[in-house]
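Trainee: Okay, these came from TrEMBL:
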TRANSMEM  B:6-31  transmembrane segment
TRANSMEM  B:68-92  transmembrane segment
TRANSMEM  B:98-117  transmembrane segment
TRANSMEM  B:137-158  transmembrane segment
TRANSMEM  B:164-182  transmembrane segment
TRANSMEM  B:189-222  transmembrane segment
Amino acid sequence: MAGPETDAQFHFTGIKKYFNSYILTGRMNCVLATYGGIALMILYFKLRSKKTPAMKATLTWTSSVKFRCLEKLMSTHHAILNLYNKL
Amino acid sequence: MNENLFASFAAPSMMGLPIVVLIVMFPSILFPTPSRLINNRLISIQQWLIQLTSKQLLAIHNQKGRTWALMLMSLILFIGSTNLLGLLPHSFTPTTQLSMNLGMAIPLWAGTVITGFRYKTKASLAHFLPQGTPLPLIPMLVVIETISLFIQPMALAVRLTANITAGHLLIHLIGGATLALINISATTAFITFIILILLTILEFAVALIQAYVFTLLVSLYLHDNT
């Protein structure tokens, strides 16, 4: 392990005061920022949608009211045809 | 020679019952508890050895680190005695089992790391980034240091397992070669026998050194975290 930290000899300003690789606090903050960045990347890849735009368009169309009306019309048409064939 | 070279590393059983627990507990019989102020020769020698080792191991530690004295001394005595007993012919050596060594390494390493994070959180976190690292290398080094931290218990366990297993395997092989060569060429068999003697002496040293290395590394991890 390295000798005792001589944080007093380093004088940083601005963001370097909190994120540097010399003083204890700076090193800790860099480590935490790295872990936070990795966690955010994992979260982003897990939560992003896996569907392509074409799939999204198809799903939007199939869940729309117009599509449901068409579907019902087709099923009614098939039912009438079957009844006619039976007669 | 065994039909299977690894037969001696199988967990032993007697009449269908596993006796590995008895074998693991056996070395403790060899260290009797001192019950008098001045004890017999065996206990006196053991006490002298324990004092010598503990002074050397615990010299680098502060007050907090020295609370681990009993743990560290038990560890070195257990591993050392188990390794030495394993050099007896046809005996089973528990420290050839990776499961056993992982069972020792992981809790001890985790104990040191948790102690460090609990009492010195800032220093423990700062430890993941070496001082003076250039800015572009910081994320990579943090990841590398994290990986090297988690590899420590694996390295501890695998080092002990590999060293003891390799030594025993070599003794098996060279012993088998010596036996096979007796009928073929007595001179070659004699030379192989000399090699076997030297190897056995080496294995005695390795048995003690590996116990010391295991304990020393645990002690160093503790020192880093206290």
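Keep in mind that glycine also has a Cβ here, set from the backbone N, Cα and C atoms.
Keep in mind that what you see is a predicted model, and the values were worked out from it rather than measured.
Describe the structural surroundings of these features, if you would.
Mentor: Residues 24, 64, 71, 75, 79, 123-125, 127, 149, 152-154, 156-158, 160-161, 214, 218, 221-222, 224-226 of the same chain lie 6+ residues outside the transmembrane segment (B:98-117) yet bring a C-beta within less than 8 angstroms of a C-beta in it.
Long-range neighbours of the transmembrane segment (B:189-222) within the same chain, counting only residues 6 or more positions beyond its ends whose Cβ lies under 8 Å from a Cβ of the stretch, are 57-58, 60-61, 65, 68, 72, 75-76, 79-80, 83-84, 86-87, 95, 104-105, 108-109, 112-113, 115, 152, 156, 159-160, 163-164, 167-168, 170-171, 174-175, 177-178, 181-182.
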Trainee: Taking residues 6+ outside the transmembrane segment (B:137-158), which of them lie with a CB under 8 Å of any CB in it?
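Mentor: For the transmembrane segment (B:137-158), the sequence-distant neighbours (Cβ-Cβ under 8 Å, at least 6 residues beyond its ends) are 98, 101-102, 104-106, 108-110, 113, 127-130, 214, 217-218, 221.
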